[in-house]
Amino acid sequence: MLLLRPYEFWFVTGSQHLYGEEVLQQVEGHSRTIVNELNRDSVFPFSFVFKSVVTTPEEIRNVCLEANASEQCAGVITWMHTFSPAKMWIGGLLELRKPLLHLHTQFNRDIPWDSIDMDFMNLNQSAHGDREYGFIGARMGVARKVVVGHWEDPEVRERLAKWMRTAVAFAESRQLKVARFGDNMREVAVTEGDKVGAQIQFGWSVNGYGVGDLVQSIRDVSEQSINELLDEYAELYDMVPAGRQDGPVRESIREQARIELGLKAFLQDGNFTAFTTTFEDLHGMKQLPGLAVQRLMAEGYGFGGEGDWKTAALVRLMKVMADGKGTSFMEDYTYHFEPGNELILGAHMLEVCPTIAATRPRIEVHPLSIGGKEDPARLVFDGGEGAAVNASLIDLGHRFRLIVNEVDAVKPKHNMPKLPVARILWKPRPSLRDSAEAWILAGGAHHTCFSFAVTTEQLQDFAEIIGVECVVINEHTSVASFKNELRWNEVFWGRKQGLL
């Protein structure tokens, strides 16, 4: 996985001086115990740092300002162990710019029935302390995640861990750089968009680079580096017999290795973590990048075909949310309309990430009917099975919309021996008919990010943090209700942006 900086999450406990120093010491002790125990659990991808028990408006504001200034702090987790009058939190919450999670828990799991007294009641007040704090968040319209349950509960910890990855995706979003090689595919609408608006909203720096610059980087690759990479290919993947001996097939694979190394060097030199290509802008290149793109995606880079920079950035961020696992650029390619067994076959010309593979990928070389270049090498495989999501980010002109469809990937019942690309088969929820109708009504793109590892909840959380609309198509969706949701969202987001 493409390296991330060592992020951390600050744990801040709310209380007040009303209860005396002894109670505050107990509150701090309990808070430290929780943080220490959470840090022992490998489910968490990043560390927790206990900052303090805050008891005054000044302390609260200061810790929020410190969080804003810290490059390591990816989010703030708050918990009211006792009652903490929420007017104290106004100044701090007005300043806070980092993702916020409200953990509604308490130190003890069970009520000590035989020994409970008023001392215990005064100390363990999160049941109503967190409600007071929750009110001020609602009153101020603060975007925050609320997780409820005992801090030792595995489900609570799993939700915390996924939110941490989403918060880190937000941090990465604020510094994400996308390199565009060539422009968008000509006359295509949905891959266009407002790059300035995207940088303001998401933080993305999206810039174009001449294919000639990439070609020079490819030419600079040494033969020794190519040979070493070919050895790696032979170890990781199956390969057609002709690919293991001198000849045109071997040379095609060799060219993709050269492209991979040159492309990676260009991205590393510019600190890019996402990129696009297009088959219409390949001057000076022998092949459309195929195998090269697939392998870079597997390392954690975001990618979008035909100049689709929004999907490239989304793939990168979902890779972060997924820790690099089971996530790929995707396209709804063709339908299977068998009654009672409607399916969608997802694929692309070449560029599907092997992290979603169910079978050992095989390097093959086949003609590509568009682009006018030599036959490109690519990885061919069937995708895995299981629950997944397809996500699309579109530009509506006055705002962005994130569209999520929950799907179930299935194992193909038939071989596809003549299909020379990686592919995956899925059943969309609630059905192909209703999901496609809702998707089209929402303006969802034909390009998506497909993921086994990212959840709908994570994508909703990301949209909440970043401040964009998110609509979900799942087993509960009815088209009539979905159309109403789109209408209501138009009013809500228009008012939020001052357009109504």
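Count begins at 1; order follows the chain as displayed.
Each residue, glycine too, has its Cβ placed from N, Cα and C.
Residues annotated as Mn(2+) binding site in Swiss-Prot: Glu306, Glu331, His348, His447. Glu331 (Mn(2+) binding site) carries a strand DSSP state (E or B).
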Per-residue Cβ crowding (10 Å cut-off), top of binding-site residues His348, His447:
His447
Where does Glu306 (Mn(2+) binding site) sit in DSSP terms: helix, strand, or coil?
helix
Around the Mn(2+) site formed by Glu306, Glu331, His348, His447, list the extra residues of the same chain whose Cβ is within 8 Å of the site's Cβ centroid.
Gly304, Gly305, Asp308, Thr311, Phe329, Met330, Met349, Glu351, His446
